[in-house]
Amino acid sequence: MSTQLRNNPMKVALASMVGTAIEFFDYYIYAAAAVLVFNTQFFHSDDPLSNDLLSLSTLALAFFARPIGSALFGHFGDKIGRKKTLVASLVLMGGSTVVIGLLPNYAQIGIWAPILLCVCRVGQGIGLGGEWGGAALVATENAPEGKRAWYGTFPQLGAPIGLFVANGTFFLVSYLLGHNALVEWAWRIPFVSSILLVAVGLYVRLTLHESHVFVEAEQKGKKLNAPVSVVFTKHLKPMVIGTFIMVATYSLFYIMTAFAQAYSRTAPKLSEAGYALGLGIPANTFTGLLLISAIVFGIFISISGFYADKIGRRKWLIWVTIAIGVLGLAMPLFLENGTPVSVFAFLVIGMAIMGMTFGPMAALLPELFPTEVRYSGASLAYNLASIIGATIAAMISLKINASFGVMGVGIYLAINALMTFLALLASKETKNVDLTEI
């Protein structure tokens, strides 16, 4: 095999990281806009809570579209290669984000505004569905022996980078132009400016060599005509296990970002059931707190990769999942009648745990599948988990809080942690798996 097919570590890091950075940049600017802007710009109801729920429901649309993207891009990623497929997913994902920044609002085109917003959100979701699996494979299939989880943190580090850049952009726009300008028109700036990240990502990925693991499988004639169907017929068990291993991670991330922001900035009033609907913390204050916690997120992703290579993915994640459950049950201590200080403590602790659970996933999920279905299998597990862990949370977390308080949301997180814990118990350690042999 020619040595030109090997990629240097810096290129692997950038190629895998940039797409995930765009993914989470897209996710968070959309989540922030759904809370701050879309509820008034794209939806027209006399009930503010209804507008909030409709706006956050569009956030959930992408999670439903992700498995479609997983099947589509997974099929081509396992048939024609990781590189070409990653380029296509990046164009769809990034292009949809830019178009959102150009959409007219409800006052300009009426009901077509939320319809077009939903179409773009579905486009984002389909592109996102093919992004992470390919990025994880670029990292792990190019990793040296014994460092697969460490290399797997490259795409995962894109998450705090995207989170930081997205929040930083919103913070600067709001600070420099004011909140009124942000709500009226300046919210478009982060969406349109994402074209710069897409351009960087395309440049790096177009200069990348195909994974040597995929090339070896291709030379051995291991390519399949319908890899997605093979995942469901021959590799259903690892896909189900992988899906539930990822569920708690998604739930935690959604609650740490979208729910925490919506709850923190909502005026401090009571629901009909007598529970607090919010804390009344200014949006810029919360954004500043989240910026700092995003740095903590990144630090603990790197730590998790080191320990997942040292002690194993399964053992590491079992302990971290227990911590997620404990955090869920402790949520009222931080958020009920909370202050900026207690919210900050919640964000820092939660993002540290988030880094520890998210970090090893780019190594673990691909290790569950053989090369000929690895893109499809890892992508499907990752994105099916988003429906259970994030989509449902997006649709019901505010209602749970209104009916049962913060404790209800915390119990929901703990239940998701329990599902992940049981999936980990049902799994096997994959640290020493040879990706060219399975």
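Any Cβ shown, glycine's included, is placed from N, Cα and C.
Swiss-Prot annotations:
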- 1-17: topological domain 'Cytoplasmic' (TOPO_DOM)
- 39-52: topological domain 'Periplasmic' (TOPO_DOM)
- 74-85: topological domain 'Cytoplasmic' (TOPO_DOM)
- 137-156: topological domain 'Cytoplasmic' (TOPO_DOM)
- 178-181: topological domain 'Periplasmic' (TOPO_DOM)
- 203-239: topological domain 'Cytoplasmic' (TOPO_DOM)
- 261-286: topological domain 'Periplasmic' (TOPO_DOM)
- 308-314: topological domain 'Cytoplasmic' (TOPO_DOM)
- 337-342: topological domain 'Periplasmic' (TOPO_DOM)
- 364-377: topological domain 'Cytoplasmic' (TOPO_DOM)
- 399-405: topological domain 'Periplasmic' (TOPO_DOM)
- 427-438: topological domain 'Cytoplasmic' (TOPO_DOM)
- 18-38: transmembrane segment (TRANSMEM)
- 53-73: transmembrane segment (TRANSMEM)
- 86-106: transmembrane segment (TRANSMEM)
- 116-136: transmembrane segment (TRANSMEM)
- 157-177: transmembrane segment (TRANSMEM)
- 182-202: transmembrane segment (TRANSMEM)
- 240-260: transmembrane segment (TRANSMEM)
- 287-307: transmembrane segment (TRANSMEM)
- 315-336: transmembrane segment (TRANSMEM)
- 343-363: transmembrane segment (TRANSMEM)
- 378-398: transmembrane segment (TRANSMEM)
- 406-426: transmembrane segment (TRANSMEM)
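If one looks beyond the topological domain 'Cytoplasmic' (74-85) by at least 6 residues along the same chain, the residues whose Cβ comes under 8 Å of a Cβ in the stretch are 130, 133-134, 137-138, 141, 205, 208-211, 214, 218, 223-228, 231, 372-377, 379-380. Note on the topological domain 'Periplasmic' (337-342): DSSP counts are 3 helix, 0 strand, 3 coil. Counting same-chain residues at least six beyond the ends of the topological domain 'Periplasmic' (399-405), those with a Cβ under 8 angstroms from any Cβ of the stretch are 53, 259, 263, 271-273, 275-277, 332, 336, 411-412. Against the transmembrane segment (53-73), the recorded stretches 18-38, 182-202, 240-260, 378-398, 406-426 differ in Cβ pairs under 8 Å, and the greatest number is found for 378-398. Between the transmembrane segment (116-136) and the transmembrane segment (315-336), the number of CB pairs under 8 angstroms, six or more residues apart, is fewer than three, so the stretches are not in contact. Touching of the transmembrane segment (86-106) and the transmembrane segment (182-202) is concluded from the presence of at least three CB pairs under 8 A, sequence neighbours closer than 6 excluded. Sorting the topological domain 'Cytoplasmic' (74-85) by DSSP state (H, G, I as helix; E, B as strand; all else coil) yields 10 helix, 0 strand, 2 coil. If one looks beyond the transmembrane segment (343-363) by at least 6 residues along the same chain, the residues whose Cβ comes under 8 Å of a Cβ in the stretch are 16, 132, 135-136, 139-140, 148-149, 151-156, 159-160, 245-246, 248-249, 252-253, 255-256, 260, 264, 279, 281, 286, 289-290, 292-294, 296-305, 308, 313, 316-317, 320-321, 323-324, 327, 331, 334-335, 382, 430. For the topological domain 'Cytoplasmic' (427-438), residue counts in helix, strand and coil come to 0 helix, 0 strand, 12 coil, using DSSP.
Counted with DSSP, the topological domain 'Periplasmic' (39-52) comes out as 8 helix, 0 strand, 6 coil. Sequence-remote contacts of a segment are chain residues at least 6 beyond its ends whose Cβ falls under 8 Å from one of its Cβ atoms, and for the topological domain 'Cytoplasmic' (137-156) they are 6-7, 9, 12-13, 15-17, 19-20, 77, 82-83, 86, 208, 211-214, 301-302, 304-306, 308-309, 313, 358-364, 366-367, 374-375, 378, 431, 435.
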